[in-house]
Amino acid sequence: MAKITHCSRLFQGILFLSSLHFLLCGNFCSRQKIYQYGTKSCPGCSNTKLYSEIHCCDKWKGYTCDVPICDPPCYDGKTCYGPDSCRCSNQTVGGVCSSHGCFPPCQHGGECYGLNKCSCRPGYAGDFCDVNPSDIIFVVDESGSVGHDDFRVTMEYLANAVNRLPIRYDLLRIGLALFSGSTRKSFKLDDHFTKEHVTDAILNTYFGSGGTNIDGALGYTCEDMFQLTTGDRPYAQNILVLITDGQSSSANKPGLQKCKSKNVTIIGIGIGSSVDEQQLRSLVSKPEYYFDTTYDNLDTTLPKLIKTITDFCPPGCKNGGTCISREKCQCPDGYAGLLCETKVTCIPECQNNGTCHNTNQCRCLVGYKGDICDILEFCRPGCQNGGTCIAKGKCLCPEGYAGNHCQNRERSATEYDIITTVLNGYNKLVRPIDPVNNVTHSLIPKETLVFNPKTLVFKAMQCVSWNDPRLSWPRGQPRISLPSSVIWLPDIVMLGQEIDHDFEAKAIIMKNGDVTYCPQNEIKSTNCEEKSGSVWECNFKFLSWSYDKVMLDIHFPSVLTRPSIDMSIYYEHDEYEIVSQCAVRREMSYPCRVGTYPELTYTFVIRRRRSFCRNLNASPTCN
């Protein structure tokens, strides 16, 4: 066996890995060291060598010696791209590969340089370089035939329509020119870069008067406003939107020629019956770029114009296609072409309402299969949710699903058995025990609303818990949930406000019969009392009319500051803060009733923050 110890660029031969692998002819010298063994003919190769072993050259590894080796290994997030050659797969930050990525990835050759930040090549814009930047100048008729009132209507509708555009420095810029017998510049492409500024500038435009020189307006706009010095970008699409109600007094078209020489796209809107439609149609860049309307219908015409301007695929993708780039549509099955305008068919045709895809592949409806969807599956319309077809019309369903086609989701058998057991013979009108005890109440503050300096409203939710021995079970899962409408609920009311139980809310039941019910209805304390110029006291009072004093309590029977008040979801107000809170249980007697009844009072002291006032005295009334 002769050993070749170096890689000769002149060597060509046959590579025989084993009897079970294929033969390769070619130049293996750039990455492989070859051990020679025997000879055989190889048609097309310059030598007739048979090799049984392949060993990679220095700095290469892998089954076909295509994996480079870097020694020392790459660091700082770099990747080995060649022998001892490390580099980043994206941008570097201070010499270290950036760990940020862009999703979706940057389009049209853009480079990712931060988290979802793309640096776009000229001619593209947007967060992911998926938008063609545009410079749009609206050229609006202010001649005497328009009149002041209709001119104001035009400006208002134009401002509303422009407000729907993605105006941004790198995406879309707006300019405005006004014309009559002459043309004047209202604002340039680089004057405003936000929707607010552009719409304000449009609404503040004043009305002029005079004749109607459309071609002069075109020439002025294309020559003087589509300029680098006025904000025009060389890589942006230039669009001129002409809005007029009359005929041009000039028959020549030198202005139009200036626009054509600069590849400016012209879109025209003719308003009213005096418009020379034939003349305007001769000005627009495409027939579908002309719109005729009235001042009353301008609010519906302008949105159509906006779609025409911003659509990558004017006049739009057909037959349900989706525009994915300039004049390129992604077509649904059965259609092809730039705008999905061509219907395609498969030969032979797809059966059973299957759809043709790419002229040679059928996509079948559920329940059919085969090259042309002509084979009926056993389990039509097909097994769902991971089911397996085991016989005609019968699916084997995974756990948690049932039905002939596994279309129904089941509650777990354990929970089903528990609910069936605990509700068997249950009567929600009967108290769990008499007297009922261990009924506790807690309050969950949500937010403070300030309607004016003298009116505060405090919003909260409540939770009630108790024990119902009838809703207990000996074994199985530790908890279940039931609609509150099917179980007994404690009789608790808020003084001064009727509380409607939210029967859509679920109650959580533990296996020992402990029940927790938190209705989603918001409750409000609208009686917040102003104690001083900057301090308010808000109270919630809850009563239980039908139970004696042992039947309702907060978490502890004494004065509380924290345990029965849960502040976890409270939304802090910018100007007002809670400086103190407490919960108190009292035994109350009433002239019309025998015995005493529990009353729960929650008190919150709210104060304007230090940055808004100087009166810092505040203390709750918790006694």
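The backbone N, Cα and C atoms fix where each Cβ goes, and this holds for glycine too.
Nobody curates TrEMBL annotations by hand; they come from automatic prediction.
From a predicted model like this one, the values you see are computed outputs, not experimental measurements.
With a 10 A radius on its CB, Cys112 (disulfide bond) counts 21 other CB atoms from all the protein chains. The feature disulfide bond is assigned by TrEMBL to Cys102-Cys112 (among others).
Reduced to three states, the DSSP call for Cys120 (disulfide bond) is coil. As annotated by TrEMBL, disulfide bond applies to Cys120-Cys129 (among others).
As annotated by TrEMBL, disulfide bond applies to Cys313-Cys323 (among others).
Secondary structure at Cys340 (disulfide bond), as computed by DSSP, is coil. Sequence-distant neighbours of Cys340 (disulfide bond) (same chain, 6+ residues apart, CB-CB distance under 8 A): Cys317, Lys318, Asn319, Gly320, Gly321, Cys329, Cys331, Pro332. Here TrEMBL flags Cys331-Cys340 (among others) as disulfide bond.
According to TrEMBL, the disulfide bond annotation covers Cys346-Cys356 (among others). In the three-state DSSP classification, Cys346 (disulfide bond) falls within coil. Counting every protein chain shown, 20 other Cβ atoms lie within 10 Å of the Cβ of Cys346 (disulfide bond).
DSSP assigns Cys364 (disulfide bond) to coil, not to a helix or a strand. Within 10 Å of the Cβ of Cys364 (disulfide bond) there are 20 other Cβ atoms, across all protein chains. Summarising the annotation, TrEMBL assigns disulfide bond to Cys364-Cys373 (among others).
Cβ neighbours within 10 Å of Cys389 (disulfide bond), excluding its own Cβ and spanning all shown chains: 16. Reduced to three states, the DSSP call for Cys389 (disulfide bond) is strand. Look at TrEMBL and you will find Cys379-Cys389 (among others) tagged as disulfide bond.
Positions annotated as disulfide bond by TrEMBL: Cys397-Cys406 (among others). Under the three-state DSSP scheme, Cys406 (disulfide bond) falls in the coil class.
According to TrEMBL, the domain 'EGF-like' annotation covers 98-130 (among others).
Residues or ranges marked as domain 'VWFA' by TrEMBL: 135-309.
What TrEMBL lists as domain 'EGF-like' is 309-341 (among others).
If you look up TrEMBL, you'll see 342-374 (among others) marked as domain 'EGF-like'.
The feature domain 'EGF-like' is assigned by TrEMBL to 375-407 (among others).
Among the features that TrEMBL reports, signal peptide is placed at 1-25.
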Around the Cβ of Cys406 (disulfide bond), the count of other Cβ atoms that are within 10 Å: 21
Inter-residue C-alpha distance, Cys364 (disulfide bond) and Cys389 (disulfide bond) (nearest angstrom): 17
Integer Å distance between the CA atoms belonging to Cys112 (disulfide bond) and Cys346 (disulfide bond): 41
Neighbours of Cys389 (disulfide bond) among the disulfide-bonded residues Cys129, Cys356, Cys373, Cys397 (Cα to Cα, within 10 Å): Cys397
Secondary structure at Cys129 (disulfide bond), reduced by DSSP to three states: coil
Integer Å distance between the CA atoms belonging to Cys112 (disulfide bond) and Cys356 (disulfide bond): 38
